[in-house]
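The structure appears below as structure tokens.
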């Protein structure tokens, strides 16, 4: 593996987004669709990226019974030592913990260790695919933060590597494990919405202060806005809707069209908040403030997908699902079914006793105590470890990681070509037609 520096990779990241690509499968020996983990009573985890998000994942995974954090890696030594100290104080370090922090490629030593079953990747996006592939090639399952890939070539690289190594690549889409999302999934499964026709998904989140921060995500995330224009972060809203619609398990994303607004809000924020003469004043942002994409599935369903992290606004993932019998929309959560006495939404309250998801009934109180986006982070961690310990397939596999990440590069290609339609590859190689729903 070449020793490309982090600075060089971040520069390349700014130029790589348009690579919607014409990548094709290289073939494989066996699909990973429906493949179970080998049952394992103790799951040993190595974490790459121990900053803010990585630290939160360490806290949530280590709270699951049967988990051992055996290795930590970050380019900043103090971040590794901070997490080691936390594990020790929390009584989670009764076993040796290997530490890696020499340079940008220290992770290559972590993934080679024989005391790691699962590698968790929580780093800048440009490293996600590279690190996930390295882990799988060393015989490790990998759980990678979102988006798992930034180009269609990277999506195929994840799929091909997972199939070739027979190791799972799980995208850590925590929003699939939110209370409302899992409850609504139960209601969808019970047929309350009838035949599904439409979904709505978004990542609308005012990140201006984070993007211009001198630390954390501010050190790299703003650079994604310099030479990319599309939906840079599609999975938080899209993942739950994909589960509602059985995408990759009875239906499949088929076509996407996308358009972006002008880029104005980051410039306005910079003008008001950043001192004159600061090097950031010279940055030219390509990413539009608001991107909207439409996805059509093979079955003819339509999903509206939004992205806006640059404007003053309340947080909103939309989380909408509609069918022939009713509609649900989140933020705030409200629901309407055909035949209601009045033409107005109602709250979810009277449905909770019957349709609350079993996972939330089982670990919801502990999840809320730990926090982590309202508890969804712990439910996600608990469920993945449950699958590994019991020997069942993961809820979110490499085909989901690829399909849910693909709107990023496909939206860029559509925007760059006058909102021209873009076709989704079939990452499952036809298996979507026979797979069982989550």
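In case you wondered, yes, glycine gets a Cβ from its N, Cα and C as well.
Here the structure is a predicted model, which means the values were calculated and not measured.
Of the listed candidates (221, 249), Swiss-Prot assigns 221 to the same substrate site as 203, 233, 234, 235, 236, 315. Among the candidates 109, 174, 180, 248, the residue that Swiss-Prot annotates alongside 52, 53, 74, 125, 126, 127, 128, 145, 146, 233 as binding NAD(+) is 174. Across the structure, residue 221 (substrate binding site) and residue 52 (NAD(+) binding site) place their CA atoms 14 angstrom apart. With DSSP classes pooled into helix, strand and coil, the tally for the region 'Disordered' (408-438) is 12 helix, 2 strand, 17 coil. Of all Cβ atoms in the shown protein chains, 22 besides its own fall within 10 Å of the Cβ of residue 146 (NAD(+) binding site). DSSP assigns residue 315 (substrate binding site) to coil in the three-state reduction, outside any helix or strand. Pairwise Cα distances among 52, 53, 74, 125, 126, 127, 128, 145, 146, 174, 233, which the record gives as the binders of NAD(+), peak at 23 Å.
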